[in-house]
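Below is one structure; the comments refer to it alone.
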Number of protein chains: 2
Amino acid sequence: MAMKRVATSAAGALASPPGSFGSSSALIRHLHASPGSKKIVGVFYKANEYASMNPNFVGCVEGALGIRDWLTSQGHQYIVTDDKEGPDSELEKHIPDLHVLISTPFHPAYVTAERIKKAKNLQLLLTAGIGSDHIDLNAAAAAGLTVAEVTGSNVVSVAEDELMRILILVRNFLPGYHQAVTGDWNVAGIAYRAYDLEGKTVGTVGAGRIGRLLLQRLKPFNCNLLYHDRLKMDPELENQTGAKFEEDLDAMLPKCDIIVVNMPLTDKTRGMFNKERIAKMKKGVLIVNNARGAIMDTQAVADACSSGHIGGYSGDVWYPQPAPKDHPWRYMPNHAMTPHISGTTIDAQLRYAAGVKDMLERYFKGEEFPPQHYIVKEGKLASQYQ
Amino acid sequence: MAMKRVATSAAGALASPPGSFGSSSALIRHLHASPGSKKIVGVFYKANEYASMNPNFVGCVEGALGIRDWLTSQGHQYIVTDDKEGPDSELEKHIPDLHVLISTPFHPAYVTAERIKKAKNLQLLLTAGIGSDHIDLNAAAAAGLTVAEVTGSNVVSVAEDELMRILILVRNFLPGYHQAVTGDWNVAGIAYRAYDLEGKTVGTVGAGRIGRLLLQRLKPFNCNLLYHDRLKMDPELENQTGAKFEEDLDAMLPKCDIIVVNMPLTDKTRGMFNKERIAKMKKGVLIVNNARGAIMDTQAVADACSSGHIGGYSGDVWYPQPAPKDHPWRYMPNHAMTPHISGTTIDAQLRYAAGVKDMLERYFKGEEFPPQHYIVKEGKLASQYQ
């Protein structure tokens, strides 16, 4: 029977009775921190000269989620860095004695089993945003850590961004933009493959919170909407969006002019869009993926873009992140890629900063988090990660 | 009392009784063409190597709207060119004896009063698409010509494109794309001015066919929607979109985070967004204009983008078109410009080609056109151009 490090204050409100764990590999450890003072490390992207350009820019190292004064006034230690990789990194230095690690999907602090083993005081892993796949969730569960996200904080941000990317691809925006900046004017070079979105078949692979918001926003475009998920939506939402359920993913794919990936990265979804699956799609298919880069087989996507089987690919997620300079998606034809940005608009930052603050406050008080925020709790993974 | 050149066959079904004209400057001319055979000239953009890449690419010189065989089999002469400017151009050569001129807004054949004077056989000016401001409509009316567009043919295409441009600006897409292609990764350099569309105030200046389709598509984004037009929409449509009527344009402008221009170019709207009017807008306002370039004061827009008063400007319309290499909008900061493309998607081309064919068929038979297609009829301009 394993003792676990529970994400709670000394009050221990989150502690489950021993025996509620499934994992036999959980480590036996004790809480070292004093009840009152916690060491909290935040890993964010650095803003440098951009930090001062917007008072609401709280999601960067300099903004530090806007919680520095609040944390330090309560006697907590708050270290913020963007230096997250390798044995000499700032993050690594604090691994042995931090209690809470706040990280984001945009500049992910990869929390490996090895780091978890070293982090003897660690209790709570908070994701400022959505998507905790940068954490070894099974190792976190085995170690009795709590992992939580600010569920819902940026679903609108991501859904909007997906619709933008659909339109950019369908309407062939980028070749036109290139002409504008290079002094060219060749309408034909754009128009020969520019289409209306109206009347096209759009399929979302995954219709969770983001997928549903996307379907709602697609509704007035008069498309043929399809969705694949583990479960059918409730009939009311299905009626509202007009989307049709496709139980069999491989039966849905060949019907789609546009495919949007809206699944979390899990052991089951990793690499699921490989060469074989891409081959099942329509020739010229357009793909939008703001979910996670590793859901795709990187080289298979690049090859299919080069051959023209994929007519356009847009997304803001890569593996790894930051994407190296030689990542093939930077060079493949007909892409509309950006760094990982869709969930970190200023509006989203304000929401997930508030969500993180709320969870820290509850953690200090020994209170439960909103149930939808838990990714790992009491040794168990949230259903979407199972 | 003027005799007019009516857009009709020898059957003269469209001919109005003499005296139905308002214009005193109408020229007295006779129809020179034989009843059966007409000389039709089409001015389109040239596709070159792109022509063969899509069988539905009918809107270019090579595609010739897909009506060549149909026209020649009936004994008509059909000349198609992209060479439209100056005294030695192909178009100029045919001006003296053409009966019908088909042109588009994407590669506009500027039909001046001088050309109309020279075009002694001209009866009918057809715009393949929407927007006939490249024609001197008053001169056309005075000469008794008929001008008609394929009203509705690309309104969906343009509205979709406008929503794409709104999202591209609000979410600061292009700096992210530049990073992806240049090997960079700097989320902060995008995020500091990336926002959700949700909750922002979007105002459309003009809520005709395109403006209304845009409002419908904006509805699920949970924005604050405003519109200015000559007339209030009917209450049902207002309820459906949730958009609020703003009678006074200058009172609406300071409220808007995003302004979309959706008015035709007329004597009244030419240059209406000048330095003074732009100054009334919110600092950092985003502007989308797929209507006509000349509605803006070109230099005032470029200056306001440089100063940051305009936070982003996107559109596909310029003056003149093609835009010269030194057009300031190619170089101003935070633009997302393209050549004139939004109304010439493949879907739109198929619709306006069908609409042109239908009107030619009616013209040969001496039948009326669908009433909403007329821009100039019997010496009078359609209401939106008055």
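Just so you know, glycine gets a Cβ as well, placed from its N, Cα and C.
TrEMBL annotations: computationally assigned, not manually curated.
According to TrEMBL, the features are:
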BINDING   A:Ile130, A:Asn154  substrate binding site
BINDING   A:Arg209, A:Ile210, A:Asp229, A:Pro264, A:Leu265, A:Thr266, A:Asp267, A:Lys268, A:Asn290, A:Asp316, A:His340, A:Ile341, A:Ser342, A:Gly343  NAD(+) binding site
DOMAIN    A:74-368  domain 'D-isomer specific 2-hydroxyacid dehydrogenase catalytic'
DOMAIN    A:164-342  domain 'D-isomer specific 2-hydroxyacid dehydrogenase NAD-binding'
SITE      A:Arg292  site 'Important for catalytic activity'
SITE      A:His340  site 'Important for catalytic activity'
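Here the features listed in TrEMBL are placed on the structure.
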| residue | record | CB count, 10 Å |
| --- | --- | --- |
| A:Ile130 | substrate binding site | 25 |
| A:Asn154 | substrate binding site | 30 |
| A:Arg209 | NAD(+) binding site | 18 |
| A:Asp229 | NAD(+) binding site | 19 |
| A:Leu265 | NAD(+) binding site | 22 |
| A:Asp267 | NAD(+) binding site | 10 |
| A:Asn290 | NAD(+) binding site | 25 |
| A:Arg292 | site 'Important for catalytic activity' | 24 |
| A:His340 | NAD(+) binding site | 29 |
| A:Ser342 | NAD(+) binding site | 29 |
Subset of recorded positions A:Leu265, A:Asp267, A:Arg292 within reach of chain B (CB-CB under 8 A)
none
Using Cα coordinates, what distance in whole Å links A:His340 (NAD(+) binding site) and A:Ile130 (substrate binding site)?
12
Using DSSP and collapsing to three states, where does A:Ser342 (NAD(+) binding site) fall: helix, strand or coil?
coil
Is A:Asn290 (NAD(+) binding site) helix, strand or coil when read with DSSP?
coil
Nearest recorded site to A:Asp229 (NAD(+) binding site) by CA-CA distance, among recorded positions A:Ile130, A:Asn154, A:Arg292
A:Arg292
Whole-number Å distance separating the Cα atoms of A:Ser342 (NAD(+) binding site) and A:Asn154 (substrate binding site) is 8
About how far apart, in whole Å, are the alpha carbons (Cα) of A:Asp267 (NAD(+) binding site) and A:Ile130 (substrate binding site)?
17
